[in-house]
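Structure record follows, encoded as structure tokens.
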Amino acid sequence: MNNFLLEDIINKKLLSNQYQDTVPNGLQIEGTEIVKKIITGVTACQALLDKALFYNADTLIVHHGYFWKNESKYIHNMQRQRLKTILSHNINLYSWHLPLDVHPKLGNNAQIAKKLNIDIQGSILPYVLWGTTKNKMTGFEFANKIERKFKKYPIHLYENAPLYISRVAWCSGRGQGFIKKACAFGIDAFLTGEISEETTHIAKELGIHFFSLGHHATEKDGVKSLGEWLQRKYDLCVDFIDIYNPA
């Protein structure tokens, strides 16, 4: 498939033109014209680039790419090595950030709901969803379910929280700042990737369960599901590579 055609297909699927983002979405670095082997991953780190070379991939699709709004415009050290790897091997680098967080089927938030069997009821903010569990469960039962589905036990704050959880709000990645707005919807629990110092006090004083699973863990499934969709619909060769990241 032509590399610019692939960009157009994904932009249309993810409705990329509807979002104002802090990073360019789409084909960030042009490589070989014909896409034959795609690697997907969360972040375009050097380890993922090295894996792409190992598997003879000509294309990378990630959630966290390059050229962020507040990023230094100087190409030194780490960034120089990354770009050198991409350019010298004629690799296409694609990245979709917010469009891949919020897509109603493929997005990170939708994938969290799918994994945890949560019925989506609506959105609190564009990047924050809320829904209901199939059955009421204790906070510890919900934490154990998260561990089973994500292969990682979350940080769980539960002091002053209700015994049972049925109404849940969530936001992939760095969503801890939305906790107060989410609580206005009468939720029992809030799940996100990151946690801040003040989150402990906010969760306790608002009387909810708070679960932090890690930024990386909550944002693996969006780009993975995008790759699987490309494989099903266009018969492209796609593999997801998970570079370990505890954060």
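Each Cβ is built from the backbone N, Cα and C atoms, and glycine gets one as well.
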Further divalent metal cation 1 ligand in Swiss-Prot, beside His63, Glu219, within candidate set Asp8, Asp21, Asp101, Asp188: Asp101
Cβ-Cβ neighbours of His215 (divalent metal cation 2 binding site) (radius 10 Å): 20
His64 (divalent metal cation 2 binding site) CB neighbourhood, other CB atoms within 10 A: 21
C-alpha spacing of His215 (divalent metal cation 2 binding site) relative to Asp101 (divalent metal cation 1 binding site), in angstrom: 12
